[in-house]
Amino acid sequence: STLSNQLKLLIVIVAPYVLCVTVVQCENDWGVTYTSTEICALKGSTVDISCTYIYPSRIKGRNTKVEKKVWFTRASNNLYVDIKTDPEYSGRVQYICGNNDCTLRITDLRESDSAEYKFRFITNQPGGRYFGRHGITLSVTDLQVQVSRLLVYESHNCAELKCHSSCRLPDHLHYVWYKNGQKIQGDTSYFYSNNASCADSYSCAVEGHEKFPSPPLYAPRVPSVSVSPSGEIVEGSSVNLTCSSDANPEATYTWYKRNGHRYLELPSKEPQHVFRSIQSSDSGEYYCTAENELGRTSAFISINVKYAPRVPSVSVSPSGEIVEGSSVNLTCSSDANPAATYNWYKEDEDSPKASGQIFTITDIRPEHSGNYYCEAQNRRGRHNSTLYLTIVAVSPVVWKLAVIGTALGVFLVIIWLSVFLLLRKKRTSKRSSEPGERPEDRCLANQEEEQDDLHYASVHFSNNQADPVYANIRPAGPRRHKEEEEEVVEYAAVKFNRAITDPRTGGPETDADPSALYSTVNRTV
């Protein structure tokens, strides 16, 4: 039988590791046959996509001849782009064609090679061109390390891993495992069960294709958190917080706001947290947590929202009625960021009366009555508030009574002090004149009352009645200067007799008291 009478079945073998199924297409003795299911191939490998085609051998006495064969993935303005001329395939594409078959070979497969491939041929016959309506879909995939089981311990986490591909690979393949980029010896199974540490990175490859390992698997790195726009954050503006962490598989993100010792989870689960119109209450610390199957980590950023002063709060102290002559404090406060500065003005006056939160008015007078307003200002804006002072005037009669009362009080205090001093003086005099008191006792009393009256004496006693006794007596007051003369010198002569003789008569007196002492004291000034 001729080619036009047959449907030729062709099994296409695509290497390596691909699944192929053959389908035949035919239309009026024109046809293209290629696989219809998806071809799955690993990144870095080589794939063969084959087809066969049929056409009438002779039309109207003219032999048919194939003049051009093309593989393409896209068309532009009904022009089919030959992939051999596509820069993306440069150096990686080869056509292997026979009489009624053609194979497309693509080496060093890339994920970008995933596409639907179609074959088209052109003959010398008028209108003699044909391509299959449905092509072959190629899917290029990479090996992936997946976590089959996560083991959580108090001090660390570890995992059991497997080398996975979306392509169905032969069971007899051997694998190579890598830890932090270094080959692990002895493990050739697709399953790695040596309790991989979540602090390390792991990858795998098919033996013989070590040049194309899987992307490494690792826990999220410490995130980078940023705010935009950068610079000062002003209330009412739009602000974006962005969190980025290197991780494989990709990390999921959660945002928290710190509230004292607690952390409030925010609804956003995206790498960005957006404030459409940020408010002063949004100031604070924001934490971003990045997490995947192997672990989690976090970082924070502080937000400081600037805003104009709120309407100030003004007060006067002491509260209540303000009396003429008293002192008052006017106080102003306003919430602002940065902190506000304050100025006090009186109504209808341009220049400020005072600056600062507190304005003190001493010895207040009726002319101080009126409206006062406080202006709070920072670089974001200003606000003011007003208060009214009413001063209660004091009448002249009240002033006279106050002066009289004050004078009377002072007079009574003076009288009381005078009486007190007089009574004290009388008590002192009374003690000094008590009967039977010897001069020596009075001297001691005087010493206790007033130190300036102290005297010191030197007394010598002799068994010889003819020996006089001398004593030098002087006040113990402080000496002004060394060169000053002693102002007072006192001498005393005291005579003691064994046989008592009356000094007044010169004769013996048997009745004399033996304990009596007689002295002659002369004072010289």
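Cβ atoms are placed via backbone N, Cα and C, with glycine included.
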Of 110-135, 266-291, 474-499, 500-525, the range TrEMBL labels region 'Disordered': 500-525
Helix, strand and coil totals (DSSP H, G, I; E, B; other) for the domain 'Ig-like' (312-390): 3 helix, 44 strand, 32 coil
Model confidence over the domain 'Ig-like' (312-390), averaged pLDDT: 92
